[in-house]
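Visitor: I'd like to ask some things about the structure below.
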Amino acid sequence: MRILWRFGYSARLLKTNHYRTAASNTSSPAVWMLLAQRSGRTPALLAIVQKRRIFTMPDTVQDGTNPGLYSPHPQVRGMTLLNREAFRRTVVVPALKVKKEVVHTLLKSLKHTVLQRPGLKRVVEDPEDEDSKLVILDPHKIPDFSLGESEKEALKQLHVSPELSEYNLELTYENFKAEEILRAVLPEGQDVTSGFSRVGHIAHVNLRDHQLPYRHLIGQVIVDKNPGITCVVNKTSIIDSTYRNFQMEVLAGESNLVTKVRENNFTYELDFAKVYWNPRLSTEHGRIVELLRPGDVLFDVFAGIGPFAIPAAKKKCVVFANDLNPESYNWLLHNCKLNKVDDKIKAFNMDGRDFLLGPVREELRKELTLREEQKTAFHIVMNLPALAIEFLDVFRHLLVGEPCSAAVLPTVHCYGFSKHENPAKDMQERAEAALGAPLEGRCSTYLVRNVAPNKEMLCITFQIPADVLYKRPCPAGEEPAPKRLRTCKDCAEEGLQS
């Protein structure tokens, strides 16, 4: 699934302290006397309750309109080793005293005014009156602790006093979103990592250079804030074009990189450190499979662990799947069994060019000869964006003989990257150069996704032109060609021998 997962919320509820009226004094030296009586950590709020009054430490945030009200304490800026206790702070928010029997009705009437922040309680106990509750309001909606006319009218109908009290909420690490934590920690003005790719229990991030000193903290925050994530990795090298894998560093959590994923109702297991898997391609996998009909033939040249091949086989297509990476090949076999299609897929562990020149050519030669008027379609998927276009020259005179019906010429789905200002035109021109034939009016180009600024991933789809795919045999009676020079006579003899 191409799912760019957003940092989540913690479900744990906020700890709360007592309240005071808006007119209460907010500082007292007596508070500091309690500090020495507490062992362990230093609390962000020490209180002495006197009737409706509460005394707080001077650093308590009281400005209800402050946009940084729910931000972590400034002292966490520059932290590289996560210290959760440093995020503890107290904020002052408005509260209404309400009789228990009208709380539910009041919440409906003031639904746009009560505190809506996930993880925070909107209704808490009144420490002075067991028959009442305190309804916490959003300080951003109540500037200067002053209710609007509509809110006052709603309260009047419910016989609730409009008098607001100040209520002290103790925010802890659990109450902040991951993005808020990282924005507070990283140097001001620098980009904050806001997403990752999820592969089973693994979160995969691509950190920038300025984020690397904070990489272990970033990793731990992702683990803390996203249920089910138990490992965070960062890519430390570009994708290797040979086996399509890359070096990575485990930033937080366990080091187990063998995982299980679900995509388009199929299950795949893989070792993320040794094979290629990109959840952002889920939609594209589904799009190609949707083009196939039962009985069609699919040649998957760079099959990976099977996201095209396995759904195609389940759709009752005839599937030939290949990958050069031995690890990918082994996981492909494993996933074929896992999805109960191991008897419907012929798997190969070969170089893509050798696969096209061997099994693909042999199958096409056999099937196109036997099924001249068939309705079966042949699809060749080439999902190796960095190099696939360079393999298209293989189709030049891949077969020998008279061309088959245009209706059954193989359809190629070839992927590539482009930084050109006109990516579709760039893909078409490069494909034409490799094939040695024009594709104008005979191809379509699909934008798969934006990989990076000014870099697109595309898929060009076309039927191989007959004059490209077939080499017509030379007339009989020509002199044999020198041994090491390939001519049409050699091609004809080669075709007869095969």
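Backbone N, Cα and C define each Cβ position, glycine as well.
Annotations for this protein, taken from TrEMBL, read as follows:
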type: DOMAIN; residues: 196-466; note: domain 'SAM-dependent methyltransferase TRM5/TYW2-type'
type: BINDING; residues: H285, D323, L324, D351, G352, N383; note: S-adenosyl-L-methionine binding site
Visitor: Identify, among the binding-site residues D323, L324, D351, G352, the residue whose Cβ has the fewest other Cβ atoms within 10 Å in this structure.
Guide: D351
Visitor: Tell me, what is the mean pLDDT of the domain 'SAM-dependent methyltransferase TRM5/TYW2-type' (196-466)?
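Guide: The average pLDDT of the model in the domain 'SAM-dependent methyltransferase TRM5/TYW2-type' (196-466) works out to 93.
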Visitor: Among all the protein chains here, how many other CB atoms are within 10 A of the CB of N383 (S-adenosyl-L-methionine binding site)?
Guide: 26
Visitor: Are there any residues in the same chain, six or more apart in sequence, whose C-beta is under 8 angstroms from the C-beta of H285 (S-adenosyl-L-methionine binding site), and if so which?
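Guide: When sequence neighbours closer than 6 are ignored, H285 (S-adenosyl-L-methionine binding site) has E263, N264, P307, F308, P311 within Cβ distance under 8 Å.
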Visitor: Listed S-adenosyl-L-methionine-binding residues H285, D323, L324, D351, G352, N383 - what's their greatest C-alpha to C-alpha distance in Å?
Guide: 22
